[in-house]
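According to Swiss-Prot, the protein has these features:
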type     : residues : note
TRANSMEM : 34-54    : transmembrane segment
TRANSMEM : 94-114   : transmembrane segment
TRANSMEM : 115-135  : transmembrane segment
TRANSMEM : 143-163  : transmembrane segment
TRANSMEM : 171-191  : transmembrane segment
TRANSMEM : 218-238  : transmembrane segment
TRANSMEM : 244-264  : transmembrane segment
Amino acid sequence: MATDHAAPTASEYIVHHLGHFSTKHQDKIVDFSIINMDTIFWSIFAGVVGCLFMYLAARKATSGVPGRFQAAVEMIVEMVDNQAKSIVHGDRTFIAPLALTVFVWVALMNSLDFLPVDMFSAFFHAVGLDSLITHHRVVPTADLNGTMGIALGVFALMIFYNIKIKGAGGFVHELFAAPFGIWLAPFNLLLNMIEFAAKTVSLAMRLFGNMYAGELLFLLIALLGSTATAFGFFGHVVAGTLWAIFHILIVFLQAFIFMMLTLVYIGQAHESH
């Protein structure tokens, strides 16, 4: 007897898992009316987990011999604070906690990539929601909309600190006068606008590209395991294990790089040309 639903091909499987649970189908390359609900949900979820993580660390903090959890959190806080001290020369009252927030949040969002790729598809099918939630992606940083949103937040902070430190007049003067003098004001303005845009776009694209590639490789490994052969299953287990171990480095390295670039860009606001 024929089955009701034929098994998807490899390309259909990948395309399905790279789709988003959105407010509507995307027909154009750029459509600001579309909201990826899965990206928003998992971003908030990672943020809540991060806040709970730090709250528990603060609650359990002791001046005596720290436990493993407190020691791990203290290592992260000290690492971030040392990086902030070496990069930002000025008041770091807000910047160091900001960098810590960025690192923990991005690391947690990246870590969602370790969840099995078919886990939520199977869950939605089991509870009868597969007809409503036809697509679902778990990793917010594998969505360019998510990384661009964070990068735009960093861009807003760059502008804020430039105005706060140099004053509105000083910031505008720097836009027109640096780096080649006021006589080349139009060229200076264009160059500075390109610099701000390049920083924002590259910050978003770097994180997105690495996490998207990692997610795609996990899908390919899952396809390898779906082959009905002993070799396919063995290759799936070996490749999946090795890539998951290597991906741990990528997850936290990308969070560290994003945090460092955030510090560098905000730290540049404390300097004048």
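Just so it is clear, glycine is given a Cβ too, placed from its N, Cα and C backbone atoms.
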Go through the chain and flag residues at least 6 beyond the ends of the transmembrane segment (94-114) whose CB is under 8 A from any CB in it; none is fine as an answer. 42-43, 46-47, 49-50, 53-54, 76-77, 80-81, 83-85, 88, 138-142, 146, 150, 157, 207, 211, 214-215, 218, 244, 247, 250-252, 254-256, 258-259, 262-263, 266
Which one of these stretches, 34-54, 115-135, 171-191, has the most C-beta pairs shorter than 8 Å to the transmembrane segment (143-163)? 34-54
Lying 6 or more residues past either end of the transmembrane segment (34-54) yet within Cβ distance under 8 Å of it, the residues of that chain are 20-24, 26, 73, 101, 104-105, 108-109, 112, 135-140, 143, 145-146
